[in-house]
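Heads up, the thing below is written out as structure tokens.
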């Protein structure tokens, strides 16, 4: 995986309004065609397969089987896409303000979403019905994440708290306090015993799930930390920041191991490939980059988006990368 190369074979579907008609641009690899047809997603056979107004994309996440993607755009809905068909198959409505993040539960039964409306909502994936609404945060909720066993949810907010929730009961179990500014991102370790958080206060927090204690604070970034995630073996954390860097940390030592330079604007998200040897990142600089963990070298730059890349994810089999951008497209890279 350390020498992994991804070919630029993206699916780029962009929709925008033109007076009373709708213009859809389909870019499949290097083929561009403009079609004055009714608004909708189209595939490479020019067939309209779903109707939906696609806006600037904020978040994209694969399902555990890699067959679906959940996305949120700059609106109040959550969208589900079929990867093979490249079309929208469901839309969840209920939030009363912009949705920031959504993800599938590991068991494949649910989707969870969080919003500026200060609520977390649990959805039944099959029916699209809202099952539960979690309330407690007093400001915007930026991130939400399932535990590995799908029984708990962790969330982060502008209210400077992290909260742990029971999925079945909807009860708030724990409040984690320690950051001094907005918490952008939060994630469970693969064993469900640790949580990592990233904040506008320029720090990364490592937390004990059971006690709620922050047992390590990682400092080094010179700007807001937009995301921090565990390595697959939970021995390291990788983080990214408005300071345009990606940093790799040793958890046990609480020490910064490497700084990865290459992006020339804020880095929005980072992800590990499953072997832990390669990192994926995306940035406001409109690029996606792959990095060798051992050397810190950049392996490849993926270019094609015409706007800031807000979100990336990797399919469970490591064969596909999904990216979402403010250029109003979701792209698949193989």
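Cβ atoms are placed via backbone N, Cα and C, with glycine included.
What TrEMBL lists as repeat 'WD' is 57-91 (among others). Residues of the repeat 'WD' (57-91) grouped by DSSP class, helix first, strand second and coil last, total 0 helix, 23 strand, 12 coil.
Secondary structure of the repeat 'WD' (92-133) per DSSP, as helix, strand and coil residue counts: 0 helix, 24 strand, 18 coil. The annotation repeat 'WD' is assigned in TrEMBL to 92-133 (among others).
The list of residues near the repeat 'WD' (134-175) in space but at least 6 beyond its ends in sequence, with Cβ under 8 angstroms from a Cβ of it, reads 100-107, 109-110, 112-116, 118-122, 181-188, 190-192, 195, 197, 205, 207, 209, 212. Summarising the annotation, TrEMBL assigns repeat 'WD' to 134-175 (among others).
The repeat 'WD' annotation in TrEMBL covers 176-217 (among others). Proximity of distant same-chain residues to the repeat 'WD' (176-217), defined by a Cβ-Cβ separation under 8 Å and at least 6 residues beyond the stretch ends, is recorded for 140, 142-149, 152, 154-158, 160-164, 223-230, 232, 234, 237, 239, 241, 249, 251, 254.
Beyond the ends of the repeat 'WD' (218-259), by six or more residues, the same chain brings 181-182, 184-185, 187, 189-191, 194, 196-206, 265-272, 274-276, 279, 281, 283, 291, 293, 296 to within a C-beta distance below 8 angstroms of the stretch. Residues or ranges marked as repeat 'WD' in TrEMBL: 218-259 (among others).
Positions annotated as repeat 'WD' by TrEMBL: 260-301 (among others). Only residues 6 or more beyond the boundaries of the repeat 'WD' (260-301), in the same chain, are considered here, and those with a CB under 8 A from a CB of the stretch are 1-6, 223, 226-227, 229, 231-233, 236, 238-248, 307-314, 316, 318, 321, 323, 325, 333.
What TrEMBL lists as repeat 'WD' is 302-334 (among others).
With a cut-off of 8 Å between Cβ atoms, the residues of this chain six or more beyond the repeat 'WD' (92-133) that come close are 58-59, 61-65, 68, 70-72, 74-80, 139-146, 148-150, 153, 155, 157, 165, 167, 170.
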